[in-house]
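See structure below.
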Amino acid sequence: MHAPLRKRHGPGLQPPLLHPSRHSSFESESSSKKPQFHLDLWFYFTLQNWVLDFGRPIVMIILPLEWFPLNKPSAGDYFHMAYNVITPFLLLKLIERSPKTLPRSAVYVCIITFVMGASIHLVGDSVNHRLILSGYQLHLSVRENPIIKDLKPATLIDSFELLYYYDECLGHSMWYIPFFLIFFLYFTGCFTHLKEERKMPLSAWLLVGPSGLYYWYLVTEGQIFILYIFTFFAMMATVMHQKRKGFVLDSNGLFLLSTFAITLALIAVWVICLWNDKVLRKKYPGVIYVPEPWAFFTLHIKGRM
């Protein structure tokens, strides 16, 4: 009888051990996944929002009309095209850095809808700007504008109202709803137990003012106050829900919430200052009164230039 075989490990049959270098690389990978303030992404968001979106109508006013004939794309149109490419790319990069795994299908649908809505707005806004150069007044409705009243045949007015619908209603809805939804989905993952991540760094404080000011412009000019306020309330509700579980906002979540809070304060000041403006009141009837900055510009500033 042979003695039962014993498992012997030769030099090449040692049980697998966690190599020190692998262990250290694993720790470094884990630490890299800890929530950190995304200075690069928030800076790019702020920069391209101010240059490509807010600066778009300004560059169309400043540059000579001879450089961009009315039957060709203007400088602002090229700004809008760049915005339509860069913004969804930044949104996807932001989602990639979320500590929480987000539903891919929802993100893809949001990005696709965003690009389509922003593209619809590109065309409508391009034609709308050329109407402004021809005397169209933004503080008046389509049918009340002097250059529209005299159109023959009268059915052309319906076509311009359709253009207005694509630009200001459908385009804005398909642009801004997925835009804010992606920010909210990202916000739901911005919670942590880490004490060092419960405050914003200095770089975040430097960006939160310009970012909040831009979103004031976005909400007022885009006429999306209801969408914005629902998103803000949803953020606040999420914070209270997570607080019961012992979680608090990390630096990125604090940055988003502070940005939206500044936006709300600026909107309140804007509405109070224009509360008694009879012309704008007529253009924006109803309970929610939030005038557009460019309507204010064509009414009170353009005539003095």
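Every residue, even glycine, has its Cβ placed from backbone N, Cα and C.
Some features that TrEMBL has for this protein:
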COMPBIAS  1-10  compositional bias 'Basic residues'
REGION    1-29  region 'Disordered'
TRANSMEM  41-63  transmembrane segment
TRANSMEM  78-95  transmembrane segment
TRANSMEM  107-124  transmembrane segment
TRANSMEM  175-194  transmembrane segment
TRANSMEM  214-234  transmembrane segment
TRANSMEM  254-275  transmembrane segment
Recorded stretch that, among 41-63, 107-124, 175-194, 214-234, 254-275, has the most CB pairs under 8 Å to the transmembrane segment (78-95): 41-63
Recorded stretch that, among 41-63, 175-194, 214-234, 254-275, has the most CB pairs under 8 Å to the transmembrane segment (107-124): 175-194
Other parts of the chain folded back onto the transmembrane segment (175-194), taken as Cβ under 8 Å at six or more residues beyond its ends: 34-35, 87, 91, 94-95, 98-100, 102-103, 106-107, 109-111, 113-114, 117-118, 120-121, 218, 222, 224, 227-228, 231, 234-235, 238, 242, 246-250, 252-253, 256-257
